[in-house]
Amino acid sequence: MKFTEHLSAHITPEWRKQYIQYEAFKEMLYAAQDQAPSIEVTDEDTVKRYYAKFEEKFFQTCEKELAKINTFYSEKLAEAQRRSATLQNELQSSLDAQRESSVVPGLRQRRKAVFALTHEERVQHRNIKDLKLAFSEFYLSLILLQNYQNLNFTGFRKILKKHDKILETSRGADWRVAHVEVAPFYTCKKINQLISETETVVTNELESGDRQKAMKRLRVPPLGAAQPAPAWTTFRVGLYCGIFMVVNLAVVMAGYHFLQGKNVWPMVRIYRGGFLLIEFLFLLGINTYGWRQAGVNHVLIFELNPRNNLSHQHLFEIAGFLGILWCFSLFSCIFGLSINLQMHLNPLILYGIMLVFLVNPTKTFYYKSRFWLLKLLFRVFTAPFHKVGFADFWLADQLNSLAIILMDLEFMICFYSFELNWGKSEGLVESAKSVCNSYSYGVRAVVQCIPAWLRFIQCLRRYRDTKRAFPHLVNAGKYSTTFFMVTFAALYSTHKERNHSDAQVFFYLWIVFYFISSCYTLIWDLKMDWGLFDRNAGENTFLREEIVYPQKAYYYCAIIQDVILRFAWTIQISVTSLNLFTDAGDVISTVLAPLEVFRRFVWNFFRLENEHLNNCGEFRAVRDISVAPLNADDQTMLEQMMDQDDGVKNRVKSRIWKRSQSMSLRRPRLSSQSKMKDAKILIDDTDDEANT
């Protein structure tokens, strides 16, 4: 593998700009070689002056790159040292509290037997668990910094060697010895010391001396490109996709043969939600593949465990497996008409299997990922009671595009409860008009508003935490338009069914709020979620200054499809109002539902790209995990103090507060360090420990 490819595959994406610009140096050398005056048409002194001038410019550029790398490395090393001190203080506090609570072991054991764990014991257990996770993430950040150190040194060595080869000189090697090999980023070995200390602390203090267990916890995933999936996973993906296509064809043929002249809409509404969920999972697999290929660190953005998370192959496998179940269930439902089987049992079995797959408590079938999803769903539905993270509102946004699944679930419950004739085998294709598909009882309107309500209260919670009206209250206003839109749609539908004269008034109000909602969400998609239409876009017209995906056409096509699909409701309303054909509303909504899932699939690419670029701007490459983080009010107060012009002048007034809140930078003495002297952290001495 060429070093350019190796560098591209192994860099930390959020630090991309801080690495040596190896490709730019290569282009610089090749351009100098191509543009050099020929010795055949000019004198030797002119050629020497040309190369001397080029080398002066080349080494000046090398000095700038070296200074950039030294500065960034020193900053990240200082940050790592501060983080190490903080974690060790937290660990020491937790261990001290644990020792204090075990002063009376006999009484404690008896109390455990009677009352189980006390609140203090549960808190201590949770703190230790959080500390293990925090040290694991900190260790990952150290490995990333060590990798940064090694890649940049190798980059300088390679490019200076190439310089000497092209120019037939040894000045590149001399410059490397004189500058690179004595540079702080290369000579400073404190990163190795921090790595060793972290391994020792985790082994002795958190894993009771079991080094194998400690290193398994600290294991860092490969820093290169995504590792290939196991052969059996790839085989199963292909097998499931092949079976799905064959059975899907059989479903179409069976439906054409057995369902002619029957009212299939109850069955369609019941099975439609399952299909949309499978489509969503498959497209999410494509999202994951695209993010990995483009260098968008979705693992960090969603705060997943970098050592254990689902790849695109796993998502394809799950989607394929569920797709086969869906096809067999639908085929059995249709084919059951010819042999008098109870067709209405098939959907119950299908969704029962899906539910069991999700909540299965055994540690099988992607247990950690399923548990993460269940925990995230719980956080989404309890949004007002805790701080909202990116994964929380991302999932709530997905639910807004999957709202029809909730509506179909409501229809299914209503249909099975009130309309289904359980004694007939053809219960899902009866010709009776469905009341459950209307807004008559108001439940359907409430269900339709649930996803928008979740995002609405998330925005209010974020406003409470940050005290920033923009963007959070403005974003909440965007989701509130859905409430008006659904309300007027329900009023129009019920008044029209009862032939009330004011139905047209509600129809026009529905159209107005639908238009306002579509414009609102479209502008927010393009400007806020995707960060497009930046004034400083430069050559990336109508986009942003920096883009991740290789072709600008991707962005322009995404803008066009977002505009079209945001206003696709106009087709549905027009066709339904004109009543161009039978069941026009159901047909159009069934076509538009998968298209909305596709729109959200495209949205995901650019929403995470925008978040990734924000992380790049902050050079954030690992999760921020602390046992005792600042609460939202403290964080807001600190930000306000930092924004004040006289904040520095008046800092003496808060000296008492600072003294009580600040943390000593002296490392706490743990049992694993009992023979080591206390050492203060040195922030500005990254060049005083040369080791060449």
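Each Cβ is built from the backbone N, Cα and C atoms, and glycine gets one as well.
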Under Swiss-Prot's topological domain names, is GLU63 on the same membrane side as TRP372?
yes
Under Swiss-Prot, which of the candidate ranges 158-165, 302-309, 462-469, 646-653 is annotated region 'Important for inositol polyphosphate binding'?
158-165
Limited to the topological domain 'Cytoplasmic' (1-238), I'd like the whole-number average of pLDDT.
86
Would you identify which of the recorded sites TYR22, LYS26 has the most other C-beta atoms lying within 10 angstroms of its C-beta?
TYR22
Remote residues contacting the transmembrane segment (239-259) - C-beta distance under 8 A, at least 6 residues beyond either end:
316-317, 320-321, 323-324, 327-328, 330-331, 334-335, 337-338, 429
Which residues, given as numbers and ranges, are at least 6 beyond the ends of the transmembrane segment (376-396) yet have a Cβ under 8 Å from it?
301-303, 451, 454-455, 457-458, 460-462, 465, 607, 611, 632
Below 8 Å between Cβ atoms, which of the listed ranges 270-290, 315-335, 469-491, 504-524 makes the most pairs with the transmembrane segment (402-422)?
270-290
